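Noted in TrEMBL for the protein shown:
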- B:561-682: domain 'STAS' (DOMAIN)
- B:192-216: transmembrane segment (TRANSMEM)
- B:222-241: transmembrane segment (TRANSMEM)
- B:272-289: transmembrane segment (TRANSMEM)
- B:319-341: transmembrane segment (TRANSMEM)
- B:375-394: transmembrane segment (TRANSMEM)
- B:414-435: transmembrane segment (TRANSMEM)
- B:447-469: transmembrane segment (TRANSMEM)
- B:475-498: transmembrane segment (TRANSMEM)
- B:505-530: transmembrane segment (TRANSMEM)
Number of protein chains: 2
Amino acid sequence: MVVLELHIKPTFAHTIPHNISIYFFSSLQMDPNACSMQHSHCVEMTMEVHQVVPPPHKSTLHKLKARLKETFFPDDPLRQFKGQPLKRKLVLGAQYLFPILEWGPKYSFKLFKSDLVSGLTIASLAIPQGISYAKLANLPPIVGLYSSFVPPLVYAVLGSSRDLAVGPVSIASLVMGSMLRQEVSPTADPVLFLQLAFTSTFFAGLFQASLGILRLGFIIDFLSKAILIGFMAGAAIIVSLQQLKSLLGITHFTNQMGLIPVMTSVRMDFTYLYYLKFYFCGFSAVVMANDTDGDVLSSATTISQTRYLSQPSIKKPKLFWVSAGAPLLSVIISTLLVFAAKAQNHGISVIGKLQQGINPPSWNMLRFHGTHLGLIMKTGLITGILSLTEGIAVGRTFAALKNYKVDGNKEMMAIGFMNMVGSSTSCYVTTGAFSRSAVNNNAGAKTAVSNVVMSVTVMVTLLFLMPLFQYTPNVVLGAIIVTAVIGLIDLPAAYNIWKIDKFDFLVMLVAFMGVLFISVQGGLGLAVGLSTFKILMQITRPKTVMLGKIPGTDIYRNLHQYKEAVRIPGFLILSIEAPINFANITYLNERTLRWIEEEENIKEQLNLRFLILEMSAVSAIDTSGISLFKELKATLEKKGVELVLVNPLAEVIEKLKKVDEASDFIQADNLFLTVGEAIASLSSAMKSQSSTL
Amino acid sequence: MVVLELHIKPTFAHTIPHNISIYFFSSLQMDPNACSMQHSHCVEMTMEVHQVVPPPHKSTLHKLKARLKETFFPDDPLRQFKGQPLKRKLVLGAQYLFPILEWGPKYSFKLFKSDLVSGLTIASLAIPQGISYAKLANLPPIVGLYSSFVPPLVYAVLGSSRDLAVGPVSIASLVMGSMLRQEVSPTADPVLFLQLAFTSTFFAGLFQASLGILRLGFIIDFLSKAILIGFMAGAAIIVSLQQLKSLLGITHFTNQMGLIPVMTSVRMDFTYLYYLKFYFCGFSAVVMANDTDGDVLSSATTISQTRYLSQPSIKKPKLFWVSAGAPLLSVIISTLLVFAAKAQNHGISVIGKLQQGINPPSWNMLRFHGTHLGLIMKTGLITGILSLTEGIAVGRTFAALKNYKVDGNKEMMAIGFMNMVGSSTSCYVTTGAFSRSAVNNNAGAKTAVSNVVMSVTVMVTLLFLMPLFQYTPNVVLGAIIVTAVIGLIDLPAAYNIWKIDKFDFLVMLVAFMGVLFISVQGGLGLAVGLSTFKILMQITRPKTVMLGKIPGTDIYRNLHQYKEAVRIPGFLILSIEAPINFANITYLNERTLRWIEEEENIKEQLNLRFLILEMSAVSAIDTSGISLFKELKATLEKKGVELVLVNPLAEVIEKLKKVDEASDFIQADNLFLTVGEAIASLSSAMKSQSSTL
C-alpha cells in the first residue's frame, strides 16, 4: 500500500487546513479494472476548506448610490461622456438629445433614395389608415391626416429608431375613442369631444416623457408579451365588430365597446338592412379582401410574430408591393366606383367634404380644468402606456434585427414630446405603428428621413388632394381597419405560450376575456395584477429542493431532477430558491420542519445530524430572514440537528456577520463554500468524534 | 516523466466522456517542495462531463396540484390522517377542530394547580385592562369585562396555544375606537356606536375565520416585523397622548387621533387646568408609576423583544408578582382614596355606576345594512388583521419557546369564531394579548384552563363585585393604558433593524410616521406597499454578478466578494440571481450587453469567446424569459460570442427543452452542469481548434 501525502500551504489568509480524506479519489475506485491508479485507495491529504467571506465593506451611501444606479441607469447612458474633453461632451450631449445630429451629417444621396421609396410606400398606407383610425377614435377623419404630418417630423429629429413609422395606431385610437365616449358624445358635442381628445393626447405625452425623464421605463415591462397578445386579440375582435357598423351599414349602433352590446346591436339592426346597401357593401368588402387580405395580413402576422417570439428575421412577403399599395388602391377604386354610380345618393355613407390645408393650432383647445379632467387624465395614462408599449417594442425589435441600439428611456422622451407637440397642432395620440414599421423596413428604409418623406406626402395631400376623398365610402375605411387589426390576432404565438408556460397562457386569456367582456382598462388591469401576483407568490412560496450527490463527483443537485443523485446518510441538504424575507419566513420555517419530520419518519436507520441549507439562490435577505435562521437554529438544537449554511451570497453573509457581532450564532464551522466541502469536513469530524468515544 | 492515465467508464447513460486535462492536479503544483507528487504534472485523464437533464415529465394537472398544495397546505395538515382506520380518522378530525379533546382527557390536578395560579394572575390584569381598553375604544367600561368573559371560554375549546391569554388588546381597541368615531360620535349616539362596534367585531371574526378556512393566512405575513415595530411605537405614542385627557383632566379634548390635533388640544387646554385636579392626577400617576412601571414595562419589553428577535428565552423579571398585581393594586388603592376623600365631588372623574350581571345577548344589535356598512367592514378588516397578527405572533412565539406546534390557519379559525361568538354576546374584538400572555407564561400556565379560570373570575366580578368599581378614578385607567402601551415602543429592536437592513428601517419609519401623522390604515398601507415594492424591485432589477475561479479549486464565485478569485481569459461568467420573467428581461438584456461592452473595452489581450450564464439562482422562468435567451443568443452571435448556460434548474431546463423541440437553440454542448466543467470542456475544445488551425 502506497500512501501519498500532499501538503498544501494555506495560500490565503482565510483558508483553514482541515485533515480530511478526499472522496474524489475513492470514487475513482468504483471500477478498479478501468483505473490504473489502483493504489490511490489510501490517499490521504491535507485539503483546504474554503471560508465564506463577506464582500469588502462599503458605506450605506455607497451602496445606495450603486443600487439607485442599477435601478434607474442600468444602461449607464453617461458612459460615453467619461474622460472626454468638454467640447466633445457638449457634442455628445446634443447628439444624445437630438439623434439627428448624429446621423444627419453622414446622410448621403444613396440613403435618400431608399428612404424616398419607403417613405412614399408608408405614406400610401398612412393616408387611408390615418383617416380610418381617426374614425375609430370617433374623431373627424382629417385629424388622422394631421396626426400623420406633424408627429413624424418631430420624431425624425428626436427619435433614435431608424425604422419606426410614426402615426396614429388602431389600439390607442380605439381605446381613446371608447373611453372618452363614456362621458361625452362625439356626435352631440363634437367640439368638446375634440378638446378632450387633444387634452388626453397632451397628458399621454406628458406621462410618456415623464416616464423617460424619471427613468421609470420599466413600468411598461409589466405589460408582458402574454398580456399584449391576449389584449391585442381581444381589441382586434372588438374593433372588427365595431366595423360591422360601416361594413353592414347599421344605423342604430351601440356606443359601447364590449362584445355583448355590439353583438346585440348587430342582431337587432340586422333585419332592417336595405338590400341594396347590403349588397354594395358586400361587394366592396370582397374587393378589399381580394386586394389586401392575404398580404397585409401576412405582413402584419410576420411582424407580430417577430415581436413576440423575437425571431431574428422578417421574411419579405412575396407580393409585398401589392400588399403595401392595396389600401390606397382600394380607396381609389371604391371612391371612383361611388363617384361613378353616385352611390352616396343610394344610402352608401361617404366621408364627405374635408377641409383643405395643414394642421391648425390647437393649444387653445387644451382643457386643464372642468368636470372631465379625471377622465382625460385616465385616458391619457392608458393610451399613453399602450402607445408607448407599441412604439418601444417595435423600435427594439428592429434595432435588434439590424444590430443598433435604441435607448428605451430616450425613446419615451421622444414619443412623449412628439405627442405634447401633436396635442397643440390638432393631432391625437401617435406612436410607432407595428404594421407600417414592418412595411417601412421591407421597403428599405434606412433612416428617419422616410418619416419626413411620408410627412411631406401627407402635407401635399392635405394642401391639394383633399377634395378627392369626398366620395370615399366609409365601408372601405372599415375594411382597412379590419384587415389591419385582424393580423394582430396571433394564434401561433398563443399556442407557443400554451406549450411553454400554462400560467402565462392564463394571463393571456384573462387579458383577452377581460378586454372582450369588461373593458380595456379592466382587462389590462386584471392581467397585470395576475402576473404581478404570480411574482409575489414565487417569493411567498419559494421552492425548497432536496439535494443529493451525483456519484463520482463533488456535485450536489436536485434529487428529483437527477435520478442518479444519492442522499448522504445523516445529512439533509436543502436548497432554497428565493430571497428570504418577511413574506416567506413563516412558510420556510414550516416547510423546513416538515422536511425534517418526514425525514425522521422515513429513515430510522441513521439519525439526522445536519441540516445543510444551500444558499446559492438566496440573493437577498432582510431582518425577518435573519430571524428565521435564529428560530430554525433553536428549533433544530432541540431535535439534536445542527444547522449548516453553504455559500451565502455577498448580501446574505454581510448581514449574517453583522448579527454575529452581537450574538455569535453562525460560527465558521457551520459555514462552508460548497456542499462538498461541508459534507467532507462534517463527516470527518463526525467520524473522529465517534472514534474517540 | 510518469504519465498516469485514468479511464473511467461512463456509468450513466447521460454522461459524455471528454478528453480534458485536469486542472485540479496542476494547481497542486504551485509549491513543488510541499508536494510529494511532483510527477503529476502530466497527469491526463478521461473525465466525465455531466449533462443537464430535465426533471421527469409530469402532467400539467399534476404540477398544478403540487403547486396548489405548496401554496395552501405547506404544513400538510392531513398528513397524520394517512393510513389510519376510519374511527381513528374521526377522532383525529374532532381533535383537529377542538384541540380540547386532545389535551382534555390527559388533564390532571397537578396541571390545574399551575393553571389556577396563572389564571388568577391574568384575571387581576384582565379586569383593570378590560375596563381601560374599552374606554380606549370609546365603549362603556363594562364591555371590556364582557369581552374578558366569553371569548376566553371559546378559545379554550378551539385554540391550540397553551399560553395565549385572550381578551381585549390596546392596539385593536384604539383602532376600532378611532375609526368608528369618524362617522358616529360615541357620546352623542352611544347605542349606534355600540352597534357599529359589535358589527365590526362580527366582520373582524368573519374575516379572520375566512382567512383560516381559505388558508390565506400568509396575507398577515405582509405585516412584517419592521412594520409592526414602527406601527406599534406610533400607536403607543398616540394612545399615550390620548390618555393626557384623563391624566391631565382636560375637558375639551380632540376627537381625532393624529399627533398634531392631540398636541394642539393639550396646549390649548393646559392653562385652564384646575390646580387641585392636576395635583391629584399627578399623585395618582406617581403611585402608578412606582407600582408598576419598572416591572410591567420590563416584562412587556421582554416579550416584545422575544417576538421580534426570536430569542429563545424569556427572563422572568425579579419582581414578577409585584408587576403582575400592580394594576389591580393601583385600582384598589386609588378607588379607596377617592372613596375616602370623596374626590369625585372635587372634579375627579370616576367610572360611575356599572350594571351588574353577565353578558347580555347582542345579536339583535348587529347591523348589516344602512349607511355605515362600508365603514363597519373596513374597521372589521383592519382590526381583524391587526388582532390576528398579534394573536398568531404571540401563539407562535410561545409554541417555539415550549417546543409545541401551533397551526396558523387553525388558530385563525379559532380566533375568528371566537370574535363572531363575541359579537353576539356584547363583546368587542379580542385576541391573544402580548403582555398578558407573557404574564400567563411567567405565572406557570400549562393549558388553556388558565383562560377558563380567568373567565370564571371575571364572571364572579361581573355578578358580585361591580359596585366596587364605582369610585375607580379614570386617571388610573389612563395610567394603566400608558404603562401597558409604552412597553410596545421597542427601541433596541429598532436599532437592530437599523444595523442589519437600512431598507427595513425605512419601512419601519414609514409605518411609524404614517400612523402618527396620517392614520392607522394610511401608515400600515404605505409601509406594506413600500415593502411589497421592494420585493418587486428585487425581481425587476435582479443582481448579475461576475464570477471567477478560486485558485486551486474548481469553485467559481463572486469576484467582488472573493478577492482571490481570478478571471478566465476568453470567458465572461455571469450569475443571474433571480427568476427571469417579463418584469426583468429588458433589464437583463441591457445589463448583459453592458457587461460585454465593458469587457470589450477593457481587455484587448484576448477576445471574449464565451458568455457563461450560471443559472443556479434562476428558480423560475416564463415565456418572456425564454425569449431573452433567444434574443441574447442572436445578439451575441453577431459579436462572435457563444452563449453557454450552466446548471439551469428543473423548471428552467424543462421549458428550455420544450422550446428546443421547435427551434433547437440550446444544444448539449452549450449546456453544462457546473462552471468548472463548462470551462474545462470549452477551453480544451478551443485549444484543439486552434492547434488544428
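Every residue gets a Cβ built from N, Cα and C, even glycine.
Values in this document were obtained by computation on a predicted structure and should not be read as measured data.
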- Message: For the transmembrane segment (B:192-216), I need the partner stretch with the highest count of C-beta pairs below 8 angstroms, choosing only from B:375-394, B:414-435, B:475-498, B:505-530.
- Response: B:414-435
- Which one, B:222-241, B:414-435, B:475-498, B:505-530, has the most C-beta pairs under 8 Å toward the transmembrane segment (B:375-394)? B:414-435
- Which residues, given as numbers and ranges, are at least 6 beyond the ends of the transmembrane segment (B:414-435) yet have a Cβ under 8 Å from it? 125, 129, 134, 137, 139, 143, 146-151, 154-155, 158-161, 164-169, 172-173, 176, 197-202, 204-212, 296, 299-300, 303-304, 307, 359-363, 366, 383-384, 387-388, 390-392, 394-395, 484, 487-488
- Which residues of the same chain, at least 6 past either end of the transmembrane segment (B:505-530), have a Cβ under 8 Å from a Cβ in it? 174-175, 178-179, 222-224, 226-231, 233-235, 237-238, 257-260, 378, 382, 494, 497-498
- Helix, strand and coil residue totals from DSSP for the domain 'STAS' (B:561-682) stand at 59 helix, 21 strand, 42 coil
